[in-house]
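Peer 1: Just passing along the structure, written as structure tokens.
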Amino acid sequence: MATNPGLFTEWPWKKLGNFKYLILAPWVAHGGYLAATKGWQEVDLGYLLIFPSLLLRMIHNQVWITISRVQNARSRRQIVDRGIEFEQVDRERNWDDQVLLTGILLYLGALYLPGGQHVPLWNTKGFLLIALLHAGPVEFLYYWFHRALHHHFLYTRYHSHHHASIVTEPITSVIHPFAELVAYELLFSIPMITCALSGSASILAFEIYVLYIDFMNNMGHCNFELVPNWLFKWFPPLKYLMYTPSFHSLHHTQFRTNYSLFMPFYDYIYNTMDKSSDTLYEKSLKGKEETVDVVHLTHLTSLQSIYHIRPGFAEYASKPYTSKWYMRMMWPVSWLSMVLTWTYGSSFTVERNIMKKLKMQSWAIPRYSFHYGLTWEKEAINNLIEKAICEAEKKGAKVVSLGLLNQAHNLNGNGELYLQKLPKLGVRLVDGTSLAAAVVMNSIPQGTDQVILAGNISKVSRAVAVALCKKNVKVVMTNKQDYHFLKPNMPEDTAENFLFSKTAAAKVWLIGEGLDASEQFKAQKGTKFIPYSQFPPRMVRKDSCTYSTTPAMAVPKALQNVHSCENWLPRRVMSAWRIAGMVHALEGWNEHECGDIVLDMEKVWSAALLHGFRPVA
């Protein structure tokens, strides 16, 4: 909201939530009815194409969001080198409201505006008229209106809402209070209304104009420079007719310069152009060397997870991942994304964070969880991980942490394979076992004298079992085969605390993958289930039983640019495996943690707390 909200700042359909799209339903249904009863020959084509054009705009905006987030994660040509937080994501969640408003105005115009009915597909005269009216009246009026919005009275009531985003994303361009955006829509409608009244309107001219506005708006707020210098050398007057992302970013950082809409012409005339515009453009275009200290290797999980990662849908990425039934309707896109990622030859950057002077990035191996269970994919996945490790070392990374299934024992022996293949490896490999085990240990209620260990055995569960037995806590297993598998790992002086029983009655269960629902129902009421695996258990108990998150910790405020959730974890909570890599680098430790190596759990836990990481409440 604006600092001092004025009249009509709230959108009228805000309380409808996601049902706001039903506002357009009467017109869409009316168009379908006309097409069904009158036939395609007689129906107004322009009227029918309004809804598809709105969908095209949504796709166009989403493409810009994805490209911008990928580019800014890599940070090569980033203009404003600062982070974005969840507050901005929440504030900019309603970017589609502007599309709905435009749709309402287009439908009203198509029904009631003289000359707005049965317009032809193309009219050259109308297209030229739109171009001239935009360059003249629209740009001129916008410039002065924009300057007025920066006056204290209007700024505090309206425009400050937009400027709350100093580091912009493409969708920042349409984040305004309702009244302000109505004024913009009326301004942009001048060329189209004039064309309609003069009889020179056309479907394609209108569509091109709307897409031009979206393109320039998104480009100006994308926070990375992409306009090539040769364009201005080839046609020097272009610098007065087209702004660049760096030009407009100065308006968001300096506030009192670069007021123009898309054409800097009026800033030159009225001497409001920022003097550093050209310098910042050259600097941003040149870019900077991409450096990184810590790389966390993750991968895609379910088919729908492609929408949840940071470059996907901003709203979903800012919330813990859950499977949405309506996302299943997008299965053709999901399968296409799977094919594209499967054919992609290397990892891709998902997120970039900074903590103190430490630069961190998350890279995703282009494979989904089910790929890791395919025998014929094993070698390809290991090659992808090895390639990513080598790439991280080239970029100067000190630590590479292996997340999710990238450290599976049956895949690469918890990372030991890469030490064998790369004996001169300089970067430290961390599988995060010690911190994950420490998180599990510290999740067990004090005074607990017996726990049940259930689910598939992993390196973390072995470390936890040994640590608990050393503390004289009874560790009971209900699976006889797993019990005999783990028994040799127990030190002789603590072996008496490691037991097998089918009728254990402990109130604390340590659970991993492979634990079916029937096993969970054997637990008493009030049991606390504590996962030790990377993937969350299926929560089948609806009684007084409680479930902890997968091993994770809340991150400190010093960790910046956190505005997406890591898989199913809450906001500003990260997996222990990911945090372990950060702690390793912050402490400057020089040893690997992979294969059978487990670091001192108390040492790693204390270091994590020292750097501000906290247990999840």
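For all residues, glycine too, the Cβ spot is worked out from N, Cα and C.
From TrEMBL, for reference:
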type: TRANSMEM; residues: 99-115; note: transmembrane segment
type: TRANSMEM; residues: 127-145; note: transmembrane segment
type: DOMAIN; residues: 136-272; note: domain 'Fatty acid hydroxylase'
type: TRANSMEM; residues: 186-212; note: transmembrane segment
type: TRANSMEM; residues: 329-350; note: transmembrane segment
type: DOMAIN; residues: 451-615; note: domain 'Very-long-chain aldehyde decarbonylase CER1-like C-terminal'
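Let's see these features in context: how buried, what's close, how far.
Peer 2: Beyond its flanks by at least six residues, the transmembrane segment (99-115) meets 13, 20-21, 23-24, 27, 44, 46-47, 50-51, 53-54, 57-58, 61, 181-182, 185, 189, 192-193, 195-199, 201, 210 of its own chain at Cβ-Cβ distances under 8 Å.
Mean pLDDT for the domain 'Fatty acid hydroxylase' (136-272) in the predicted structure: 97.
Packing against the transmembrane segment (186-212) from elsewhere in the chain are residues 45-46, 49, 53, 56-57, 60, 102, 105, 109, 113-116, 119-123, 125-127, 129-130, 133-134, 137-138, 141-142, 145: each is 6 or more residues past its ends and has a CB under 8 Å from a CB in it.
Here the transmembrane segment (329-350) has Cβ contacts under 8 Å with residues 70, 73-74, 297-298, 300, 303-304, 306-307, 309-311, 361-368, 371, 384, 387-388, 391 of the same chain, all six or more residues outside its ends.
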Peer 1: Checking distant contacts: for the transmembrane segment (127-145), what same-chain residues at least six beyond its ends satisfy Cβ-Cβ under 8 A?
Peer 2: 183-184, 187-188, 190-192, 194-195, 198, 200, 202, 204-206, 208-209, 241, 259-263, 265-267, 270
